[in-house]
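Pulled from Swiss-Prot:
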ACT_SITE  Glu230  active site
BINDING   His229, His233, Glu269  Zn(2+) binding site
BINDING   Tyr1119, Ile1247, Gly1248, Thr1249, Tyr1250, Ser1281  ganglioside GD1a (d18:1(4E)) binding site
BINDING   Ala1126, Asn1127, Ser1128, Arg1129, Tyr1146  ganglioside GD1b (d18:1(4E)) binding site
REGION    450-865  region 'Translocation domain (TD)'
REGION    490-541  region 'Belt'
REGION    866-1093  region 'N-terminus of receptor binding domain (N-RBD)'
REGION    1094-1291  region 'C-terminus of receptor binding domain (C-RBD)'
REGION    1269-1283  region 'Ganglioside-binding loop'
Amino acid sequence: MPITINNFNYSDPVDNKNILYLDTHLNTLANEPEKAFRITGNIWVIPDRFSRNSNPNLNKPPRVTSPKSGYYDPNYLSTDSDKDTFLKEIIKLFKRINSREIGEELIYRLSTDIPFPGNNNTPINTFDFDVDFNSVDVKTRQGNNWVKTGSINPSVIITGPRENIIDPETSTFKLTNNTFAAQEGFGALSIISISPRFMLTYSNATNDVGEGRFSKSEFCMDPILILMHELNHAMHNLYGIAIPNDQTISSVTSNIFYSQYNVKLEYAEIYAFGGPTIDLIPKSARKYFEEKALDYYRSIAKRLNSITTANPSSFNKYIGEYKQKLIRKYRFVVESSGEVTVNRNKFVELYNELTQIFTEFNYAKIYNVQNRKIYLSNVYTPVTANILDDNVYDIQNGFNIPKSNLNVLFMGQNLSRNPALRKVNPENMLYLFTKFCHKAIDGRSLYNKTLDCRELLVKNTDLPFIGDISDVKTDIFLRKDINEETEVIYYPDNVSVDQVILSKNTSEHGQLDLLYPSIDSESEILPGENQVFYDNRTQNVDYLNSYYYLESQKLSDNVEDFTFTRSIEEALDNSAKVYTYFPTLANKVNAGVQGGLFLMWANDVVEDFTTNILRKDTLDKISDVSAIIPYIGPALNISNSVRRGNFTEAFAVTGVTILLEAFPEFTIPALGAFVIYSKVQERNEIIKTIDNCLEQRIKRWKDSYEWMMGTWLSRIITQFNNISYQMYDSLNYQAGAIKAKIDLEYKKYSGSDKENIKSQVENLKNSLDVKISEAMNNINKFIRECSVTYLFKNMLPKVIDELNEFDRNTKAKLINLIDSHNIILVGEVDKLKAKVNNSFQNTIPFNIFSYTNNSLLKDIINEYFNNINDSKILSLQNRKNTLVDTSGYNAEVSEEGDVQLNPIFPFDFKLGSSGEDRGKVIVTQNENIVYNSMYESFSISFWIRINKWVSNLPGYTIIDSVKNNSGWSIGIISNFLVFTLKQNEDSEQSINFSYDISNNAPGYNKWFFVTVTNNMMGNMKIYINGKLIDTIKVKELTGINFSKTITFEINKIPDTGLITSDSDNINMWIRDFYIFAKELDGKDINILFNSLQYTNVVKDYWGNDLRYNKEYYMVNIDYLNRYMYANSRQIVFNTRRNNNDFNEGYKIIIKRIRGNTNDTRVRGGDILYFDMTINNKAYNLFMKNETMYADNHSTEDIYAIGLREQTKDINDNIIFQIQPMNNTYYYASQIFKSNFNGENISGICSIGTYRFRLGGDWYRHNYLVPTVKQGNYASLLESTSTHWGFVPVSE
């Protein structure tokens, strides 16, 4: 049966079943038993603060108690009202967890499964129901005293947070011999200390995705992920597979490195998080933990076979029932003999589920929320929110609520987009700092006098995590004895969520028939912990490092005015100065508004900044790093690069190691030798020893690669990622200063247009965030390429060199073994030597995907080798009404005749076949491209729109790159778009797409996306809108000489078509024309197709941007043969007289409610209304009040759309919201009924056949009528009857 989550008020009375007073004996803040509420099954909540400290104190401590950030509030959960809120927040989170199958399964296991009643001190034949890690006392007040009346055996108790409110923790019980039942198979109760309304915030600045496209890239965690992460720990504890806390990766503590101080990354945390971070734990260690758990489970099974008694003896009657519960929990097998055993396959299945499926990383995907992609992410100031308010946080969507338009790009979690997310009081925060001390030399002094220390405090969390080399396991490199009995352990592959959890029927759980025995004896009271304090550390530096440079870019608080400076020292010493690394920006900002031209000045400043941050320097397109971001050096002074002069030149000389503040040199530990021997001098055993050695040799190579990967992930990538985070902060500091300067100048501005330009000024400032997102994509690409280059060029060769030396020694030993036993091996010597020689002939290849199942890492590596953009050798774009090549190869582009360039999106260019429209574009590619080798595999893609076409028109070439009858071309012949490869006049091959030339209006004039891929040794393929249309084999085209000139021109192909006159002018529009020096695959093409659609902007029927204040014919996708008309004031759709013509019916104009009047594009989520003019009278479309009638019956919640005379009053009846609904086959939108504030989506616009009222009479026959379906309209969301198209009247 489904899981039921109980509802409570904190004031509800104790009922001795679901509400009890519990005494855990663990909370040192509790002077008496605490009120507890059963959420479901074995899961309980105590809405009180929790501490294990011997002397607990909830006040902000005088010194830091953790390397992590801390938030303290002694008043939190101090009142019954606070406790009631906390209780209801936990209940709501459990309901949200329970809304997905994986969450339901998680709750089910925690609420029904039980720890083993006992531990390794318990006699093997006994169930002990009174163990201290399992039993919690139930107490009742009798007079002035609390009396124990029983006990319960929960699996999880959730309490309020510990002293540090933002540091959730899951704890369990330690046994007297310093072992944990939670780690030894038995399982144990977990106490989770958490605060659901305080959330950590992170940056997704290192991700090349669109989340930051319209705002800053900072987001808060969904509170269910915080809770579910801790529930993962609780489940590991419950199943007895918890990883010991001493299994960690520590941060480097040396003053040589800028690394987080005293941070220990626990393996247990990595397991609970999952995802890419799991690769920080070597597979050998993961296998060790799994095998250890298997041994413990075998011990548990052995105990179950021996159980004969229970403590207390009154529970002997429950022995059989508890055995069955434990057999089910551990997935043990009961043999025909009755013996309980462990089936290894069932154990592996269970272990994989617990460690690879139930992870924070997977939860984020399944609940569709934004989350950190790796465990080690940049942390920002925490936020709080009222998650009990369904308008802020609901069970289905969390913060990303569709009705508030916060579901797009996870805006509900975005700190700059959701006002409900409030930063906590900074006065209550506490940080561990590193104090940098820079002692400069006074060059003016004759004796080079050292100046006083220039101090800078940097938060510990702002430093990168650099793993200590001593924690990267090296035991795999120890000397190893090889004989005929040596075994090789192979590590299992990762498993997927789909394979395990989501295939289960989690709704059929059965009744929660849990036992809660009453026990009279007292549990042991365990001692509390002592509070540990940390001291800030001081680190001397010999130059102003990146942290000083970032500090110099921050705008000081309460500064009335400021100027930009190029001197970091000046900015550090003067609060009215801000350092910038863009000289022209400094000049323009500091000049201020000249001659009252405020808007021109602001535009110039923003354009200068955005131009600078989008700069890339290309040294060599064939190199590993495709483009350098030149301003990273002066922005962060990485490795004192500013002192070295030009950063790009320094990078070219030094390479990627210039970016690493620490650990620029990589060394592999000494590889222990193989000691080869055979105990018995027998032929088969010697041969087996040789085989085992060859297998161990392969394992040694793979182990070395794995060690290298662990080192790269924990010590190198973290440093590279830190540069991305720092650059994100730097760009935002620069943009923040620009915004502040614009505000200051606007405040002083007194022009008559001040109010009119206010919205333009705001749009200018907002555009800075958009450009920062674009710049971060460039920076992240550069950083990723550098990190991968370091792996392949700095690390991998050294590992292979060491392994080759190891191979030479091992091979010599094996040959010696064969020679020294040549008599025993008679007849086999030459064969064995050949086997050894062949085995050592080649190195073991490094396939990175053999060492990780990390999809994010795979994407990075694939980008390194096969990045789509990197393979562009031509990118023809319209930039500021000029056609240019933006690929980096700088092809020459010229225009002849009348080529019309569109100055607004989609920035296309138009070609015509005759008259004034005739023109051509000529592209001459760079001489440095070696065409014949480049085009062994190549692809071409472009968007094209062609006006109406008929089959008897002549054929036309539209794009031509043929010279001396050799090359390629694209044309239109009859109803086909044709791509042709031509070797000579007699040898060519073509592939085509049948273009719709039907007589129906829908069959022409639309934008569509064409991709042709060519593999000269394989196939030619054509894709339309990302879909594969046709594949043909490339045959006998081995000598194509490709031209460097590409001409875009409509030229008639002789002897084609029936019409020979030039009077029928053909027009077409082209945009985003690319050539790639590779064969794109289907995934590449889909990425390209989706990235070029700009899906947030609503499209008209042809695929152009839908515009405000422009006339359109409105059509329904299900009834394209109908046009919009009015019968009295009721809108109806009549049958067209000519299916080939959209120009029939009434025209509508889309009007905006509010927003930027300079941007005429209609965007998804816009609130708008529709104007219509009929016989010179103005109307609005509006929703009528009467419901529709069908078959003489009222149709519930369906209302007609009619006409209302236009007035100045804009009321809710005429207001709608629009969302794009584009797909492979057409461009359309969905229209929803909304209100003036856009806060309420009450219905969806559809179409259907109804009768409607006119005056007091009903029409006798039915009409096709547009309607609004209110109430439950979810079923219509997928219906094409709700898809509306807008055909421009002018086209």
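Glycine too: its Cβ is placed from the backbone N, Cα and C atoms.
Secondary structure by DSSP for the region 'Ganglioside-binding loop' (1269-1283): 6 helix, 2 strand, 7 coil. In this structure the C-alpha atoms belonging to Ser1281 (ganglioside GD1a (d18:1(4E)) binding site) and Glu269 (Zn(2+) binding site) are separated by 49 Å.
Around the Cβ of Arg1129 (ganglioside GD1b (d18:1(4E)) binding site), the same chain contributes Tyr1179, Gly1202, Leu1203, Arg1204, each under 8 angstroms and 6 or more positions distant in sequence. Tyr1250 (ganglioside GD1a (d18:1(4E)) binding site) is surrounded by 21 other CB atoms, counting those within 10 A of its CB over all protein chains shown. Counting only the Cα atoms, the space from His229 (Zn(2+) binding site) to Thr1249 (ganglioside GD1a (d18:1(4E)) binding site) is about 52 angstrom. Taking the C-alpha positions, the distance from Tyr1119 (ganglioside GD1a (d18:1(4E)) binding site) to Asn1127 (ganglioside GD1b (d18:1(4E)) binding site) comes to 18 Å. In three-state terms derived from DSSP, Thr1249 (ganglioside GD1a (d18:1(4E)) binding site) belongs to an extended strand segment. In this structure, of the recorded positions Glu230, Glu269, the smallest number of CB atoms within 10 A of the CB marks Glu269. According to DSSP, Asn1127 (ganglioside GD1b (d18:1(4E)) binding site) is assigned to a strand segment. For Ala1126 (ganglioside GD1b (d18:1(4E)) binding site), the same-chain residues 6+ apart in sequence whose C-beta sits under 8 angstroms from its C-beta are Val1132, Tyr1146, Ile1174, Leu1203.
If you average pLDDT over the region 'N-terminus of receptor binding domain (N-RBD)' (866-1093) in this model, you get 79.
Among the recorded positions listed here, namely Glu230, His233, Glu269, Asn1127, Ser1128, Asn1127 has its C-alpha nearest to that of Tyr1250 (ganglioside GD1a (d18:1(4E)) binding site).
Listed in chain order, the residues near the ganglioside GD1a (d18:1(4E)) site other than Tyr1119, Ile1247, Gly1248, Thr1249, Tyr1250, Ser1281 are Asn1116, Asp1118, Phe1133, Ser1246, Leu1264, Val1265, Pro1266, Thr1267, each with its Cβ within 8 Å of the site Cβ centroid. Nearest Cα neighbour of His233 (Zn(2+) binding site) among the listed binding-site residues (Asn1127, Ser1128, Gly1248, Thr1249): Gly1248.
Within the set of binding-site residues (Thr1249, Ser1281), the lowest number of other Cβ atoms found within 10 Å of a Cβ is recorded at Thr1249.
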